[in-house]
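Visitor: Structure in structure tokens, see below.
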Amino acid sequence: MQQGTLMRKVKSKSWKKQRYFKLQEDCMTIWYQSKRTGKTESAFSISDVETVREGHQSEVLQSVAEEFPPERCFTIVFYGRRGNLDLIAGSAEEAQCWVQGLRQLIEPHFSSPRSFPLTCALVSCTWIRDWFQKADKNKDGRMNFKEVQRLLKMMNVDMNEDHALRLFQDADKSESGTLEGEEFVLFYKALTQREEVLSLFQEFSEDGKKLTLLELVDFLREEQLEDEGAEELAMELIDKYEPSETARARHVLSADGFLMYLCSPEGSIFNPQHRELWQDMSQPLCHYFISSSHNTYLIEDQIRGQSSIEGYIRALKRGCRCLEVDCWDGPNGEPMVYHGHTFTSKIPFREVVSTLGKYAFKVRHPSPGAGGRGWSWVGEDRWELVMLAPRGQGPWKCWVAQGASLSPTPQELKHKILLKGKKIGRLEDTLDGPGDEAPDVSDDDNGAEAEEERRKAKVRGTQYGSALQKDKETVAQALSDCVIYCKNVPFRGFQEARSHSRPSEISSLSEAKARKLIRDEGNEFVRHNAWQLTRIYPSGMRTDSSNYSPQEMWNVGCQIVALNFQTAGMEMDLCDGLFSQNGCCGYVLKPPFMRDDETLFNPSDPSSWEGPGPITLTIQVISGQQLPKVANSKEGAIIDPLVRVEIYGVPADQAHQETKYIENNGFNPRWDETLQFQLHVPELALVRFVVEDYDKTSRNDFVGQFTLAFANIKPGYRHIHLLSRDGTSIPPSSLFVHIRITE
């Protein structure tokens, strides 16, 4: 269809506008325009699309489910925090055409290592074609020198005009004064020549044209510190990344293959073996850091923000394992999820449960989730029970699993859900049968939720007090029976906990209370967290959904450090950095000295602990490649990039250093600067690489970042593939560094 496909764009039950959607000829861009005015409303790149969901898989499409069948509905989900695009096609066939077409465009083009060079070429060609389309102002399929100059500005390059003209003329084989097809590819390759990589290649190559098998083995051993199995690894790398069949047959690696290896997962700063599940998962839950979110249903602020199932989907897809479901009475007795006593929007509890069923177990380990009063649900993954707040009992921050030991492990709890809440009686009573003790009404942070309950009663009016108490008495036992391992108890001090608490119990502390304990009783806090779970939550003053630093809480072994996942920034970068390892399962095993309840470790005084001694981390920041422009920058503006390396860990290890800035070059800046750090407790350290656009008159602008645990760093010459502020990749932007770790 010349105009495009006519579909309904849906924002709410009452807002459904018809728009023409069309995939442009570059197969990389989709635009849509108004049916009434014919004006283009917006456009987006295929590279911005994360996935496509079929049917009524959003609140908006669920609201029109009675009007439009699921076969005609689909949702385009974008990376980061950009809102979804909900669409209704004219027919089921039309919807399938778009769904399958989009999936073909966004899915990876390779399924085996052998096809990696081809994939790199496809990605490169797509990237080149994208730049060509942007710079070809008059759309004639050719590019004159004026358009090339415009292209360089768009690509963050401030190149000398004579040098640019020389590259242009070298690529213009037809001497037509324009570049087209293969000529533009030649120009692009000349522009992206990596001199620093070529120099490294020639350092180990006797003839400067290839690396023999033995030369590659020498490089892997001397520079990449790949001592074990270096010969086998060299053969694998040649077979996987050498694009020439002739070179592969001769067991040699060309300069192109060498660059492909350095840009691959094997050449990344992140140890590829640690991307998989590599840690012992048979330890008690309290021996793990657990990826945790606060008020998961919110995707904006804490007072008037939107509640959405997207909050759960996004958190679960990021590996979050501890979710919050605040469940309150709704119309006709149906539970609703929202932030109590605020103006946030509400979502039906039923939709939350359905969402958890679809997304909770797409990773390997148990997903702390929750359910609601009077509701039970059994799914394919053997969710044993999902129940949450009984009528009138206020919000429950919940995690139900039965059949494991008193100190369950992630391995035992696979495909199960834990509920965290109040408990009648002891855990032992539950395993034997219902308890008959009086309800324990204490809760988070010495009665914080009891105060919430009082506020709730005040809002409803005191006349409902007797009914409220009656409902508590009749429903609480059923809820109590669901709390198997995470009985919520007030925190009254470490000595009190040692004397009277059990490993099956958990206390919740505000960030301020936790900081005071860290400052006054750091070692006792570490010991406590070696045998019992602790949850930390943000201050109630953070109404803007800002975050505290999780590092100081991890330093004392707190397992459930709840963050506002909807808010980008350093804090979420640290969270993503820590949990990007171990198969992204949301569990990271704490170091041995934090799993010993008699440990001497105190993060404020590492010398009190007989550790292995400090190590030195040396980072040579060599170069950057195709760094993105700053969002909302002026047309033609080019960044002045610098790199800052930040260390997060125990107080003695906190540090940051940065390179000089490079003027007007975001395309291929060269720094060649060395930064050095001393780490006293490397087991707890996180390293964050940040690229910024230098500004001498105001605050530097963020360009990209990458964060990882020190334990996951691979030494040698490595690429760091940058992420956006939202934590999504921004290919092909990267840094090239050389890493050394010495004792």
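Placement of Cβ uses the backbone N, Cα and C atoms for every residue, glycine included.
Features from TrEMBL:
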DOMAIN    1-107  domain 'PH'
DOMAIN    123-158  domain 'EF-hand'
DOMAIN    159-194  domain 'EF-hand'
REGION    428-462  region 'Disordered'
COMPBIAS  430-451  compositional bias 'Acidic residues'
DOMAIN    479-595  domain 'PI-PLC Y-box'
DOMAIN    595-724  domain 'C2'
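What does the local environment look like for each feature on the list?
Guide: On the 0 to 100 pLDDT scale, the model's mean across the domain 'PH' (1-107) is 84.
Per DSSP, the secondary structure of the domain 'EF-hand' (159-194) breaks down as 21 helix, 1 strand, 14 coil.
DSSP assignment over the domain 'C2' (595-724) gives 12 helix, 60 strand, 58 coil.
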Visitor: Can you tell me which parts of the same chain pack against the domain 'EF-hand' (159-194), counting only residues 6+ beyond its ends and a CB-CB cutoff under 8 A?
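Guide: 125, 128, 131-132, 141-145, 148-149, 152, 259, 623, 625-626, 667-668.
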Visitor: With DSSP as the yardstick, break the domain 'PH' (1-107) down into helix, strand and coil residue counts.
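Guide: Final tally across the stretch: 26 helix, 42 strand, 39 coil.
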